[in-house]
Amino acid sequence: MAQSVFDFGMIGLGVMGRNLLLNMADHGFSVIGFDKDSTKTGALESAATPGTTVKGVAELATMVQLLQSPRKLMMLVPAGQPVDDVIESLIPLLEKGDVVIDGGNSHYTDTVRRVKYLREKGIHFMGMGVSGGEKGARTGPSIMPGGDKAAYEKVRPMLEAISAKVNNTPCVAYLGTEGAGHYVKMVHNGIEYSIMQLISEAYALLQHAGLDNDRLHQVFKTWNEGALQSFLVEITADIFLQKDDKTSARLVDVISDKAGSKGTGKWTSQDAMELPVAIPVIDTAVAMRTISAYKEERVEAAKIYNKPVASFNTDTETWIKQIHDALYFGVIISYAQGLAMLHQASKELKMEIPLPEVVKVWRGGCIIRSTLLEVYMKAYSASPDLPNILLNKEVANLIENALTNTRTVVAQAAQSGIAAAGIMSALGYFDAYRTERMPTNLVQAQRDYFGAHTYQRTDATGSFHTVWGE
Ligand SMILES: NC(=O)C1=CN([C@@H]2O[C@H](COP(=O)(O)OP(=O)(O)OC[C@H]3O[C@@H](n4cnc5c(N)ncnc54)[C@H](OP(=O)(O)O)[C@@H]3O)[C@@H](O)[C@H]2O)C=CC1
Ligand SMILES: O=C(CO)[C@H](O)[C@H](O)COP(=O)(O)O
């Protein structure tokens, strides 16, 4: 048998697997990767930094044989059946005590099932979210592991070495039991959908005021130097400058408006409904991607409803500032909804998700990293069990400062007929959340009227039913 020399093994040498493995090698780990496609194993070796130990193989058994015991390996393959297929191929090759990590975007319920299945065989299984895309995987991603704590301790030094750092603190931490790592990554992606939707609405509102791509670049670049500093605002500024290879246009102008998705946003909405917890901005972001796919119907509807709309009176600089504040408001609410979901899920699903650690891990390396998360980190460090970040005083001040301009933008968008469902939803959620007595007493009355569903009273305990209308 060949000598077992490698520290870590990777299954799936696509975008994420290849780059994460090269990152490990850059940090001094000897690594080996498996992919059925030999062009990918070759690409892995040729992309390695000189002096690092990187090997690609086209046989899974060869890779497993060459790993030091207890073996540590990760798969970065598409979620769903491919993960189960890889697990089945690995089982006969592994020994008790080996550690297997699923670093893809698996649904947490699958991870819970797999943790149990492999535990019965003495194999440690960990579901782990990774965020940062291609570049992040190569240079320092945000890493969200959960599940088997003993397994985490075995791979912790390596994960800390390869992760992004903020003020020398690694953007990785143990985020809870069973499927918690993948649950946190799912909610991360829900927030990602939400912020991307809000940015696209800001883009539409700015375009309506006549800003061209160069001006849009400048606006987003300036925003990225202030309170809105974040990865998504930064890349948005870049996007407006990108030229198309085929035409003289800017690339953004020739990209189809049908948005794709792989499912994590939808899962976030579905799971929020199950808990239940209200995350309407994330729900709206998912819905807007869905509407975007109905292109032909939208074209028909545009013909029917394409009436002139009210024009703006506001001067452009004021409008830009108002949109800045509306976007900032929406971003605050997006994180608030995602984190409220994690708070509730942690209790309901008994996953013990530490919110201060989640925010710490999201501050660097991931797609939703932003300066705002520093404020959230302070808030959760002071009150780790905060049910909703909107109850924090510092966040309340940020909301208060952005609120008037948000209301103006929502009113102006509504009057002008510009679709801004995400910003509107953020404001609607906020106004409901801060309402001491909602009009839902009437909903209760209606439910009892037509279905004898009973209601509770404000002046007595217990359930009541009325024979209405008699
Ligand atoms: N791309 C991104 O920005 C991010 C992706 N993710 C997640 O990471 C995972 C991987 O994504 P990504 O790297 O982008 O995907 P890619 O499509 O680039 O790579 C997937 C790899 O998995 C391999 N593969 C597919 N099916 C099997 C199988 N049954 N057995 C063994 N290998 C298999 C493919 O091999 P081959 O093609 O040779 O058959 C390919 O090398 C996904 O879950 C994704 O959602 C997470 C964060 C960010
Ligand atoms: O996990 C990710 C980033 O964090 C992936 O890029 C994910 O695929 C994005 O989701 P979608 O394709 O649905 O937009």
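Heads up, the Cβ atoms here are built off N, Cα and C, so glycines get one too.
Taken straight from TrEMBL:
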ACT_SITE  K185  active site, proton acceptor
ACT_SITE  E192  active site, proton donor
BINDING   N105, S131, G132, G133, H188, N189, Y193, K262, R289, R447, H453  substrate binding site
DOMAIN    181-469  domain '6-phosphogluconate dehydrogenase C-terminal'
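Less than 6 Å separates the Cβ from ligand 2 in the case of none of the binding-site residues Y193, R289, H453. Every protein chain considered, the tally of other Cβ atoms within 10 Å of the Cβ of N105 (substrate binding site) stands at 22.
Ranking the recorded positions N105, G132, E192, R289, H453 by Cα distance from the residue listed as 'active site, proton acceptor' puts N105 first. Of all the binding-site residues listed here (H188, H453), it is H453 whose C-beta has the fewest other C-beta atoms within 10 angstroms. The separation of E192 (active site, proton donor) from H453 (substrate binding site), Cα to Cα, is 38 Å. Ligand 1 lies under 6 Å from the Cβ of the following recorded positions, listed in sequence order from N105, G132, K185, E192, Y193, R289: N105.
Long-range Cβ proximity for the residue listed as 'active site, proton donor', meaning a same-chain Cβ under 8 A and a gap of 6 or more residues, is found for L232, G265, I367, I368. Looking only at the recorded positions K185, R289, the densest Cβ neighbourhood within 10 Å occurs at K185. The maximum pairwise C-alpha distance among N105, S131, G132, G133, H188, N189, Y193, K262, R289, R447, H453, the residues recorded as binding substrate, is 49 Å. The Cβ of Y193 (substrate binding site) lies under 8 Å from the Cβ of S261, T264, G265, T268, I282, A285, V286, R289, each of which sits 6+ residues away along the same chain. The domain '6-phosphogluconate dehydrogenase C-terminal' (181-469) scores a mean pLDDT of 97 in the predicted structure. Around the Cβ of G132 (substrate binding site), 26 further Cβ atoms fall within 10 Å across all displayed protein chains.
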